[in-house]
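A short worksheet on the structure shown next.
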Amino acid sequence: MTEAMKHVHPPPNRPFRRGRETEDGDYEHTVQKMLDQDFDDWPNEAGFEGLTEVRGPVGLPVKGKIPSWAAGTLYRTGPGDFQVNDTPKGTYRTTHWFDGFGQSHKFDIIPEDTNPDTPVKVEYSSRRQTQDLIDQIRQEGGRSGFSFGQRSDPCIGLFGKTMSVWRMLASKRSPNTDNVSVTVQANMPGFRSQATQASQSGHRAGVKSMWLTTDTNTVKEMDQNTLEPIGLATQDRLHPLLRGPLSCAHAQRDPETGDMFNYNLEMGASCVYRIFRANAATGTTDILATVSEAGVKPAYIHSFFLSPSFVILCVPSTHLRGNGLQVIWHRNIIDAIEPFDENRVCKWLVIDRKGDLGVVATFESPAGFFFHSINSFEERDTVTGDTVVYCDAIEYPTTDVIRAFEMDVLLRNEGMTQNFWGDETRNRNSLARLVRHKLVVPNSSVSGTSAASVSRRSTIPMTLDKTLEIKAPHAGELPTINPEYATKKYRYVYSLPNRGFSTLLDSIAKTDLETCETVFWDNPKGHTPGEAIFVPRPRSKDDGEEGELAEDDGVLLSVILDGFGKTSYLLCLDAKTMKELGRAECGWAVAHGFHGLHTPAA
């Protein structure tokens, strides 16, 4: 191993590069670092404990320079509280990161005048999204309803579990009760907004409503200014057939029309996937495909793919036991997932989104799992006329990584971190890989073919090809790209790798998919990044009339936790060089969140 990866602190503002030739060595170094379990030098506790709500706006001091063209609002959401004190049963503790009580944040980036070189001011606000749920737990000592991975009280029998679920279903749900806080979406088509005209005002361009989503059929609306939860809706509002309880947190949007795509999973005696489109222009919803084949199992699916012609739904090896009914018994997703079996392959469904052909092709790939898709694009085979679809994701060979985000593992409680990462097989299975899959969709499946023949063709799975793999730490989790390249051929991925220093994530990386070179931000020791949101630089008069701006011409915005100082800051990186341009400093810690959205200024 060379000195570059061993070196925790490169010179200030000196990003370092790693190429394909060092990938295997850097991967082995990361495995060994996790086996050595040297986690005490990278504290993450301040992002999980003692967190506060700041109902601002509160001005933040800015150091360096944040470009005025990045003006607008950065929304962030995720968990904000993880325990409730003084309940009848003592302290209630969240057992999985994904089940923390929702809290949303916004950083308003405001230029002081119209001069492009003018300094900006930054204002911060945050708001808890589930105060009623927290109050309920404080009164009763437990949590009703469903979660992602919250462990149930082992003393509660079948009757108690059934009554808890029934009470949740029978009770009046409210925006302050449902824990919906994984992604942020603006102007979700088909849902009726509760926002008032006053709440729509501000310096954000074209934003009429702001929504939060999770891996269920429920969405939550929040006031885009105050972040107050103001509305709750389920997918059957879009279409009466969308009555299943599970869906995808990462709905996909057509970058040109704004149409929203997702799936709805109905479970029980039979399992039915319904892939749908909500039309941004009309507000109507179309069912693009209904899939109920025995070979397509109910599964936990966090994201999927959208290309110019298709919705591509990969059903990974996270099958739910009892045709999904075990979710009700366990009251969470994790414990309902079947033990990993390498014989349970991933099923890929390619759905026509331009016409009404439904599922036009099916594929299989080896057993595995992914949380996050990155992007999907198409090319036409000039010889056969077939459509070649490329799907990029951050993948894992097994489902072990799901347990890596349990709170005891993240916080090094009672030897759980050492137990998890000290198992070398599980260690390797829990390190991310950037993978590109190639799916060849026959030309006859796309045009000039009857729906009946397409149906016959789609029952015979084809094998897809893996054309690219980049191992950790040269790529990591929470991947983002320049949003102007969604559904297009692209080159750069920005993600958060773990180089072996942290129980969570420990850097921001820019991965070049053409050269397979990775550039790392030189963050100080103990500074844990959040998802890096790309803000493209707008064209200026100095750019001239000809040509396009470079794909990496923009900035990255990321909320960073200083684990030693127990404070956070909004970081602005040059997306081309990965050098810091500026930061806005909070005097408090902001929780380790999930996903965000930047809305430009009007």
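Cβ atoms here come from the backbone N, Cα and C positions, even for glycine.
As annotated by TrEMBL, region 'Disordered' applies to 1-22.
Counting only residues at least six positions away in the same chain, the Cβ atoms of His250, His302, Ser303, Ala393, Ile394, Glu477, Leu478, Pro479 sit under 8 Å from the Cβ of His372 (Fe cation binding site). Here TrEMBL flags His250, His302, His372, His595 as Fe cation binding site.
Same-chain residues with CB within 8 A of the center of the His250, His302, His372, His595 CB atoms, the Fe cation site residues themselves not counted, are Val182, Thr183, Ala249, Ser303, Phe371, Ser373, Leu478, Phe594. Once Cβ contacts within 10 Å are tallied over all protein chains shown, the binding-site residues His250, His302, His595 are led by His595.
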